[in-house]
Amino acid sequence: MSTFGYRRGLSKYESIDEDELLASLSPEELKELERELEDIEPDRNLPVGLRQKSLTEKTPTGNFSREALMAYWEKESQKLLEKERLGECGKVAEEDKEESEEELIFTESNSEVSEEVCTEDEEESQEEEEDSEEEEDSEEEEETTEATKHINGTVSYNSVNTDNSKPKTFKSQIENINLTNGNSGRTQRNSESPAAIHPCGNPTVIEDALEKIRNNDPDTTEVNLNNIENITTQTLSRFAEALKENTVVKTFSLANTHADDAAAIAIADMLKVNEHITSVNVESNFITGKGILAIMRALQHNTVLTELRFHNQRHIMGSQVEMEIVKLLKENTTLLRLGYHFELPGPRMSMTSILTRNMDKQRQKRMQEQKQQEGHDGGAALRTKVWQRGTPGSSPYASPRQSPWSSPKVSKKVHTGRSRPPSPVAPPPPPPPPPLPPHMLPPPPPPPAPPLPEKKLITRNIAEVIKQQESAQRALQNGQRKKKGKKVKKQPNNILKEIKNSLRSVQEKKMEDSSRPSTPQRSVHENLMEAIRGSSIRQLRRVEVPEALR
């Protein structure tokens with residue numbers, strides 16, 4: 001009866017025209033209907049993350065571009081794939097393989113037990129997990145296809161229909177687009193290869209740098225291969241071979257490049273021949289003591305290298321290698337900077353003294369060159385001065401101007417026959433007056449007063465005063481006769497004591513005061529007890545007892 005009533009209720013909706021009903025709906029009602037239909041039956045061709053529409057009515061505050069996000073994810077995934085291909089993630093892959101092998105061994109050993117314990121419920125749960133994994137794989141494939149759509153810019157999600165034949169046509173469209181876009185997948189990989197080859201950020205292109213070194217390019221004064229981890233030992237050896245004949249490169253850096261002893265030996269052979277490189281950096285590599293000692297032996301034939309860095313190697317050098325390094329570098333006089341921390345104090349101090357000696361020699365050489373240059377310049381200056389003395393120099397003052405008026409003419413004196421009259425002769429001096437009589441002479445002047453005795457000023461030369469006092473004491477001691485068994489007390493002068501006391505420093509006075517034993521201070525009780533011990537009964541006298549004590 002219930003089903004019959006339900007069908008009777010549905011029969012009244014069969015006569016309704018759907019087109020008229022949809023035409024009568026407003027735009028808002030149509031949007032709401034679309035939302036309801038999407039929730040009831042979502043589009044299976046869309047990935048799971050895009051099936052649910054945004055329910056927020058607010059406008060977005062930031063700029064969000066889904067196409068840019070998908071393109072970024074695509075680039076990152078390609079970079080990861082490229083790293084795996086180049087061996088960046090080799091260690092992680094090996095660890096995963098080891099873990100998987102252990103799991104396989106564990107499952108094989110316990111397979112018999114697991115088969116017995118396994119029940120029907122567990123089998124059903126395993127089947128459900130497999131189904132869910134298959135669904136996730138299909139969803140991931142759909143996401144990748146959506147990413148390719150947005151990158152190529154030819155397919156949109158609005159054009160996706162619910163037909164079953166659509167996936168096949170979609171795949172064919174993608175293949176045609178990739179083939180007819182003008183740039184195939186190979187060119188796309190090549191365009192992204194520089195970023196994938198050097199994920200560390202080093203912009204050096206290995207082949208171009210090697211070609212420039214071989215051609216002796218004048219602009220290439222530094223070769224920087226730092227942090228390029230996918231470079232091989234053969235490539236580093238090729239760089240060392242190319243640098244043997246190069247005369248321009250001054251700095252060669254290959255830190256953190258996984259270089260080993262073979263690369264170090266190639267660098268040592270290069271340093272024996274090259275006389276232009278001044279700095280080598282091989283820090284953070286896999287070089288052992290053998291490779292480092294090979295480089296140190298090469299420095300015995302190299303007189304140009306001033307800086308060498310080989311710290312932070314994978315293997316520890318050890319005390320024997322450090323001692324050998326110091327022994328080999330004793331005869332080197334050009335190395336100024338060594339980038340390595342010695343573990344032993346002995347080699348460390350020896351290496352410090354060697355580097356200090358080399359820096360001092362370089363300074364002396366530089367000073368000598370400056371003196372020679374100044375000497376050449378001084379000799380040339382002396383020659384120019386002597387040459388300038390022989391030539392008349394120009395006056396610093398300007399020449400006087402000519403007067404606008406003509407100078408007066410001086411008439412010449414004509415000597416005639418007439419002689420001039422003689423000049424008058426001076427009269428003779430008068431005779432001296434006669435001497436006066438004795439009673440008319442003036443009294444003689446009084447005799448001059450005797451000169452006052454000069455007061456001897458006190459000199460402040462303390463040393464002279466001390467010498468005088470000591471000489472006086474010696475004279476007194478020599479003049480007096482010493483008596484046997486008697487000591488003569490020396491009573492120095494007060495002035496000498498004051499002078500000696502003034503010459504002593506404050507510290508000496510404090511030391512003298514502290515060296516003297518301090519005088520003991522007795523209390524009243526001690527004085528009383530000492531008096532009682534020293535007294536006797538005869539010395540005591542009778543004393544009346546006071547009334548308060550009676």
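Cβ coordinates are placed from backbone N, Cα and C, and glycine is handled just like the others.
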Candidate annotated in Swiss-Prot as phosphoserine, out of Ser11, Ser284: Ser11
Candidate set Ser15, Ser159, Ser237, Ser535, annotation phosphoserine, source Swiss-Prot, matching residue: Ser15
Intrachain neighbours beyond the compositional bias 'Basic and acidic residues' (359-377), with Cβ under 8 angstroms and 6 or more residues off its ends: 333, 336
Ser15 (phosphoserine), number of other Cβ atoms within 10 Å: 6
Local Cβ density at Ser24 (phosphoserine) - other Cβ atoms counted within 10 Å: 8
Averaged pLDDT, computed only over the residues in the coiled coil (91-147): 52
Cβ atoms near Ser11 (phosphoserine) (within 10 Å, other residues, all chains): 9
Three-class DSSP secondary structure - Ser15 (phosphoserine): coil
Residue pair Ser24 (phosphoserine), Ser15 (phosphoserine) - Cα distance, angstrom, rounded: 16
